[in-house]
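Following: one structure in structure tokens, then a few remarks.
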Amino acid sequence: MTESGPRHIPVLGVEAVGLLAPRDGGVYVDGTFGAGGYTRLILEAADTRVIAIDRDRNAIADGFDLVQSTSGRLTLVEDRFSNLADVCEAQGAESVDGVVMDIGVSSMQVDQADRGFSFRLDGPLDMRMGNDGPTAADVVAHASEADLANIIYIFGEEKYSRHVARAIIAARKDAPIVTTKALADIVATVVRSKPGQIHPATRTFQALRIFVNEELDELYQALSAAERVLKPGGRLAVVSFHSLEDRIVKTFLGDRSRTGGGSRHLPELTQAAPSFTVLTKRPIVAGDAEVAANPRARSAKLRGAERTAAPAHRPDDLPGWPTLASVMRAGR
């Protein structure tokens, strides 16, 4: 497989693909194609087919050279990874041998000022991973103070969320907040940080990004979709980058890897048979060398599991946190 251009090294890529254990003739799904790092490693590990999904059309366009160099073994699909099962069915692969997911924003997106993800690069306050739906500027312009506070607290775990929300409401009365620098400067007036600590706007930007892209809902649905498409013995590998994501993955795999017993009085409460066997009792983390080469790897956690022959469980109900549709509807 030959290809020009710099090679992207995915976080915990070797470890994630090692968990998948690709084999000749297998079909694998990269739910978050990005720069194609995991896909390349899977294609190089064995004579496999890969279906790669990304909601960012720029990532899909940038992957064209890789498609050309892999002689029909790679299919790129512009879609959300929550639609993974439908994508596989459309590609004639109703069951697959492995699924890998790298959750959150990509380094390419963060490094592009015009995507509006970074408080360090001034650009339009966008933050969308795809090309549709409300932007972060729309949310900041229309959400109520209470909704903003909840969003920033729940998705950013920012203890000063009410102060930040109040400052945003006050600032937008004077002028629209449409750039990343404008928002970062507003947050910095109420959230202080000492030298060596994270930037004051870190948690607020994380919260808005997660909210705008409905990332946690997407993750819930993608995990459930992977459960449905993986064949017995198929493997799931998920790399997450903060506690909210990791908690969802850990809980999902934990719930689906144990059998809860009912009582003789309520035998109907017996849970479904385990649909996964957990392969990582503790998450795999990056070593010192990888962290030195890529500081983003410091917070990464990799969890893996193998599909059993049991039927997929009923999809979980989504938590009752604020939704993009409800907040935007209330703010109009």
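Every residue, even glycine, has its Cβ placed from backbone N, Cα and C.
Copied from Swiss-Prot, the annotated features are:
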BINDING   Gly36, Gly37, Tyr38, Asp54, Phe81, Asp102, Gln109  S-adenosyl-L-methionine binding site
REGION    296-322  region 'Disordered'
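Projection of Swiss-Prot feature records onto the structure.
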{"residue": "Gly36", "record": "S-adenosyl-L-methionine binding site", "Cβ neighbours (10 Å)": "25"}
{"residue": "Gly37", "record": "S-adenosyl-L-methionine binding site", "Cβ neighbours (10 Å)": "20"}
{"residue": "Tyr38", "record": "S-adenosyl-L-methionine binding site", "Cβ neighbours (10 Å)": "29"}
{"residue": "Asp54", "record": "S-adenosyl-L-methionine binding site", "Cβ neighbours (10 Å)": "26"}
{"residue": "Phe81", "record": "S-adenosyl-L-methionine binding site", "Cβ neighbours (10 Å)": "26"}
{"residue": "Asp102", "record": "S-adenosyl-L-methionine binding site", "Cβ neighbours (10 Å)": "26"}
{"residue": "Gln109", "record": "S-adenosyl-L-methionine binding site", "Cβ neighbours (10 Å)": "21"}
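With a threshold of 8 Å between CB atoms, the same-chain residues lying at least 6 positions outside the region 'Disordered' (296-322) that come near it are 11-12, 15-16, 19-20, 107, 147, 150-151, 154-155, 211, 216-217, 220-221, 224, 227-228, 230-242, 246, 249-250, 252-253, 255-257, 272-280, 283-286, 290. In the three-state DSSP assignment, the secondary structure recorded for Gly37 (S-adenosyl-L-methionine binding site) is helix. The full span of the recorded S-adenosyl-L-methionine binding residues, Gly36, Gly37, Tyr38, Asp54, Phe81, Asp102, Gln109, taken as their largest Cα to Cα distance, is 17 Å.
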